[in-house]
Amino acid sequence: MNIDRRTLLKGAAAAAGLAALSPLHALAAIPKPTLPLKIGFVYVSPIGDAGWTYQHDLGRKAVEESFGDKVQTKYVESVSEGADAERVIRDFAANGHQLVFATSFGYMNPTLKVARAFPKTVFEHATGYKQAANVGIYAARYYEARYLAGIIAAKMSTTGTAGYIAAFPIPEVVMGINAFVRGMRSVNPDAQLKVVWVNAWFDPGKEREAALTLAAQNADVLTHHTDSTAVVQAAEEKGLYAIGYHSDMSKYGPKAHLTAATHHWEGFYRKVVQDVIDGSWESSNVWGGLKDGMVDLAPLNPVVPGDVAALVAQKKQEIIDGKLHPFAGPLFDQDGRQVIGAGASLTDEELLKMNYYVEGIVGKLPK
Amino acid sequence: MNDWLPILATTLAAATPLIFAGLGELVTERAGVLNLGVEGMMLIGAVSAFAVASSGGGLLLGTLAGIGAGMAASALFALLVLHCLANQMATGLALALFGVGLSAFIGRDYVSHVLDGVSGYTLLDGLPPLDPFIVGSLGLFALVQWFLYRSRGGLVLRAVGESPSTAHALGYPVRLIRWAAILFGGACSGLAGAYLATDYTPMWVEGLSAGRGWIALALVVFATWKPARLLAGAYLFGGVTILQFHGQALGLAVPSQFMSMLPYLATIVVLTLISRRGHAIRLNAPASLGQVWHPDS
């Protein structure tokens, strides 16, 4: 698997800063662990049947399956992103876990704090931006799958309007919205996307209300960047189409569910575990996409015509081959201002700061 | 008209759990008991309703289970505050936290299961089908309104809330009446939970009610303990959410965070008014609200 090192300089600077603060920690190599390697997973929500944590747990199970007796995994679910997180992470480290996966953004500072106290334990933190000698970070390029999902949405929509239920206007979410509408407009230049912010990661009631609102305003394909399955269920009830997120949500709306933009941590987790066992682990910053198998589309609903499926497969290959970038120029923002010209693409750094809507989106981005 | 119908329909649906839980709490508070555990009772009701409905019990049985579970939770509260003379606020808060944990524990095996949901029945051609829960919430409102202001029982209940010692001296069974009021509140919260879990978003997930119990509590104050104002307030709170979603999708530049804040802001405004122009509004507040009372005291 390829590893993208975004903002290498920044990471190096951070490492240097840390080294200056505590030279011993930065220099101490991670020793080869004693087998079985004890691995701890910290989950922000219950595992359930679908969603963010469910996908991480699939990764954990994959590690158990691949490494058998060589590993022992343990997880703690529903760990809130505050004082609890530090206690759980510290417990893992203190009880001989030599590798800890902290799978939510809010675990960033607790992870770093515990990592300073346990320099010989390896920590991997999902979706954060602070590294240390024994703390690696990882995330996925969800926007690549969003772009493909947008193509399907535009092809399946009869009104040319899709609806997007979103949690909070942070770059990660805005990136997904923009990629989705770019995908839509790549096959239907007049397509529109209406966005409703519910200001909650998880509120099934509000997500449903927002879905019904969008349905009432002509959106006939709905998708979401929130954590419940309420949007897919609402679409099923209203006879509309839906595109799930995190996990394959087809069982929540067998007719409505066209596909889902899914995350896959199995490959990455296996690699990290192998590296730790080999004693070759190094702190890195991984941002993997379709190419690395870290994001994908769930199997398409049979109602998606063959030519659309073929087009999506082709675009997916082009993204994997690096021939297509969802944010390739010319790129215009919502007000028609050119962000970048033809021939250029947004850099990773620009993507991670995205705070504007591209053209095709109805509404203003909350500031 | 066609634009407004979906807004109206979603507003009615969004207000329904607030109406159920709010009316229940209103009756409880009118008897002088402050039960802050609405959120917890709602969640216990929701998970019980979902568990029964999804294990083949059907929606009616599920709803009854939700009501029963809400009552059971409130019975625990009643036991503590009426017989052990525990502090009502502390006990209520404990019940709210307990309910969150207990519902998550019971619901472990039901996480992410789904139900088919309730199909409404059509009253008039061209109108969207009516949801039995929404109709039920209006019925409950009429019942509470009649009971409190038109029945002898309601008069006695209000008397207990104003001055339990006086009611006791007149020979009314104060503790029994408070028991009934607390159980009614629990039943209504359980019903609100059942509506959420079997109809509104037919699934079970931890923390399903997402703070609606707390909004219901605020609503009782907002309504200054009057059922008609509570009904209006519930539609206002529900409608604000729905309208801000519609505004967003239409591209109106109203900050969504501001709109999400409005219900709470409105409650604070009312609370401020109560404390400033007390005489006009405090008349409705049950005089013995939240105070521990024992027949021998």
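For all residues, glycine too, the Cβ spot is worked out from N, Cα and C.
As recorded in TrEMBL, the features of this protein are as follows:
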- B:6-26: transmembrane segment (TRANSMEM)
- B:33-53: transmembrane segment (TRANSMEM)
- B:59-82: transmembrane segment (TRANSMEM)
- B:89-107: transmembrane segment (TRANSMEM)
- B:127-149: transmembrane segment (TRANSMEM)
- B:176-197: transmembrane segment (TRANSMEM)
- B:203-223: transmembrane segment (TRANSMEM)
- B:230-247: transmembrane segment (TRANSMEM)
- B:253-274: transmembrane segment (TRANSMEM)
Legend entry - Leading contact stretch, B:6-26, B:89-107, B:127-149, B:203-223 vs the transmembrane segment (B:33-53) - CB distance under 8 Å: B:89-107
Legend entry - Among the ranges B:6-26, B:59-82, B:89-107, B:176-197, B:203-223, the one whose Cβ pairs under 8 Å to the transmembrane segment (B:230-247) are most numerous: B:6-26
Inset, instruction - Flag the pair the transmembrane segment (B:203-223) / the transmembrane segment (B:59-82) as in contact if three or more Cβ pairs fall under 8 Å (sequence separation 6 or more). - result: no
Legend entry - Spatial neighbours of the transmembrane segment (B:59-82) far in sequence, C-beta under 8 Å, 6+ residues away: 33, 35, 37, 40-42, 44-53, 88, 91-92, 95, 99, 115, 118, 175, 178-179, 182-183, 185-191, 193-195, 197-199, 292
Legend entry - Intrachain residues whose Cβ lies under 8 Å of the transmembrane segment (B:6-26), provided they are six or more past its termini: 35, 38, 42, 128, 131, 133-134, 137, 140-141, 144, 184-189, 191-193, 195-196, 200, 209, 212-213, 215-217, 219-220, 223, 225, 227, 230-231, 233-235, 237-239, 241-243, 246
